[in-house]
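Feature annotation from TrEMBL assigns active site to D100, D288. The disulfide bond annotation in TrEMBL covers C113-C120. The feature domain 'Peptidase A1' is assigned by TrEMBL to 82-493. What TrEMBL records for 313-353, 366-407 is domain 'Saposin B-type'. The signal peptide feature in TrEMBL is assigned to 1-22.
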Amino acid sequence: MMLIRQAICVCLLATFLHPITSSGLFRVGLKKRRLELDDIRTGRVIRKLKHSQGGLACYPTLGGDSSQENQVILKNYLDAQYYGVIGIGTPSQEFEVIFDTGSSNLWVPSIHCKFLDLACWVHHKYKSSKSKTYTKNGKPCTITYGSGSISGFFSQDNVEVGGLVVKDQEFIEATHEGSLSFLLAKFDGLFGLGFQEISEGNAVPVWDNMVGQELVKEKVFSFWLNRDADAETGGEIVFGGVDPAHFKGNHTYVPVTRKGYWQFNMGDIFVGDNSTGFCEQGCDAIMDSGTSLLAGPTTVITQINHGIGATGVVSAECKIVVSQYGEMIWDLLVSKVLPSLVCKEIGLCVFGKQTGVKSVVEQEGSSVLCKVCEMAVVWVETRLKQKETKEKVFEDLNKLCESFPSPAGESIIDCNNIQNMPNVTFTIGGNPFSLTPQQYILKTGVGYAETCISGFSAYDLPPPTGPLWILGDVFMGAYHTVFDSGNLQIGIAKNA
């Protein structure tokens, strides 16, 4: 009788510890934390590239054309909202990680942290000596993010995710986390769900090993994010398929256009019923669960924030460009000069090698003038197609300057005006996917301290990789997202 009781207890305990998998679906519950204004400011997608300088090539590359090697999207995870629990080793050591479709490696802090590395010591640490399934690797590696870098070495061990055990998974033991962001972060590490093409050290991602070890029936995982700030459940990742309770209607599927990030082609963007004119011929975009906001080129993000009534810091540089170069921009576009060449023709965007040495201030100033010029070109070109008068175009362009993103990136919204704001619609797979003001506005603070922030963030990635749109949690919180690695496609449907 005692043995029977113990067996029943073990079965009940297993039920509580592991998700029900009779349907072939394996689930990881997500926790959600509230974003604050400082998180948003610090966590903006970093607007620059990092190039590796030889040695061990541990920075992600996009593959294919050698000219595009070492161009990476740098992100800051301080504003990450959603994270879940995994286990590493035997017996399992638990870690809270960000599940990130915009990267491909698994890393957690190591017990071998450097002595004065506070960021490492305040989080859970992996102890290889405590695991019976640990295999030594030792290959060194460094990963650079917008917020700093982590360095360490590769190891192998079993990884438990949603009740599945992936054997001999290669991961990084981080021994140095060189940033205040990692010290303040609520998570321990990162769980990459991108393709192996951007994996540091060419390590096989956990998802690929799940498939290769035949742990899932379908080569599909899906995200459901709960945007209800008061809900206990932050969301759920389902490995091996989709849960019909997570979405409404049918999914729209679009092909992955480039393996590495989950990249696809996106069509035009509308503010209310008005086209921004930026993506009429298509834009490259990625679906990225590791980015909280929705990021895109400054030129069109400024239009969107203007259209929804957001205000940044009034940019003197913006109004200078309009007053001094507006007529020239108009005339060049009327003369059928390619829009991509207009700002170069008037000398505000200079490409290629420069002579002499510029100060940081001069470089930043030139960059601002170039971005303002590009924004003005897109605006004027769109209005020319709509046959608006020159006076009306420049009157509105001056108003647009007031929505140019502030240096910290944030754009403020009047919280009392949310009900009157327009939807913002993205065209994907020929279908419209709209975000309501309630979905794209982030509220921080309470009472008199309540602040409303636009969820649209400026991010400029230069060619050949850019320009690139990053559809983060602002978008994924409204739409259930399916990542189908078997058929190389992404599915989108309304969240339930």
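Cβ from N, Cα, C; glycine included.
The Cβ of C113 (disulfide bond) lies under 8 Å from the Cβ of C120, W121, K125, A174, T175, H176, each of these being in the same chain and 6 or more residues away along the sequence. Counting neighbouring Cβ atoms within 10 Å of each of the active-site residues (D100, D288), the lowest count belongs to D100.
Taking the domain 'Saposin B-type' (313-353) as a whole, pLDDT averages 78 in the prediction. On a Cα basis, D100 (active site) lies 7 Å away from D288 (active site). C120 (disulfide bond): 26 other CB atoms within 10 A of its CB, across all protein chains.
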